[in-house]
Amino acid sequence: MVHFKPDDTFQCPQMSHFNWVIWPEFLYRVFSRFPLALLHTIMVTRIVVDRPLLTTGCTLGEGPVYDPETGILHFVDIDEYKIYHLHTETLDLQVEQFDEKIGCIALRRDGPGLAGAAAQGFALFEGDSTKKYVCQPLPTEYQNLTRFNDGACDSKGRFFAGTVYDQERGVPGQLWKYDPADGSCSLADPGPFTDSNGLGWTQDEQIFYFTDSRANIIYAYDYDDGTLSNRRLFVDAMALGFDKDSYCDGLCIDIEGYVWSARWGGSQVVRFSPSGSVDLIVDFPTVLNITACTFGGPKNDQLYVTSAHCKASGEAERQAEYPDSGHLFVVDLSGKQGDKQYTGVLRHKFGVPM
């Protein structure tokens, strides 16, 4: 866990150092491991986090969701077919084992358990390692060639989730929507995309963001009561100078409308302003693949960050270099030491509002 100190240097039992540094662009380009073409800003704040909250050892940790009513953080290990439930105060951890990959999860309005996107569609999870599909929309010819990946719900409880692509067989990544009000399942955006990934809404739900991972792009859309329009480029990571071997992954959004985007292969979470410029970077030097992030805690000012083992990217030999890959992290962004506070937008629950 990390927090700020007035002298811009942080130390706590869970990490060796924390740096709150502002870099002029020319120094940043010379000395940073990840030089950026910061076209819209000449200053960037950096935070360094080098100790995990919990050594979960996930192969492909993803999809964190915080429940403010229970203080439990739920997240998945896609490759190991697991859902984790972590009580963030006691660090008590429970694990459910399933029979297939689960790409993402959401809280439910209708009681305990979770909703989510399993391999072939939208499903309900009852808390006893069982799942029940409510919609399996993939065409028959796609079912063994793709799977659902990241997703989230809007304020009306509609579940948006995307699929991954199969380049060799010409199967595109696509964005789907399940509406629990009428049980309908439809394409929200047929793409074509590569691997569908991090998505979410601004607090006023006027803008929707969606990540096309292998293209290294985050799109913005206008959003109106379940309908997407005016897809446009929000972030082109390659144009900003991010390493070509790192990709945009999961994301979350704060109450100022800034987007926090995890970087697979990049050891970072990057905060983008509403204009698409880089505002802040959280570095995780002991992790290669940062996968997703979400806000949580009693005041929604703790950033929980999942990661993947190096073998998930076919680089098992690099695990010794990045020994915390696969573990869970938390960044304290409460500003209680006099620095800026960051507060996240709460994630919505699945299901028709009461």
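Note: Cβ is positioned from N, Cα and C throughout, glycine not excepted.
Within ASN144, ASN197, the residue that TrEMBL lists together with GLU62, ASP249 for binding divalent metal cation is ASN197. On the backbone, the CA of ASP249 (divalent metal cation binding site) and the CA of ARG147 (substrate binding site) stand 16 Å apart.
With a 10 A radius on its CB, ASN197 (divalent metal cation binding site) counts 31 other CB atoms from all the protein chains. Comparing ARG147 (substrate binding site) with GLU62 (divalent metal cation binding site), their Cα atoms are 15 Å apart once rounded.
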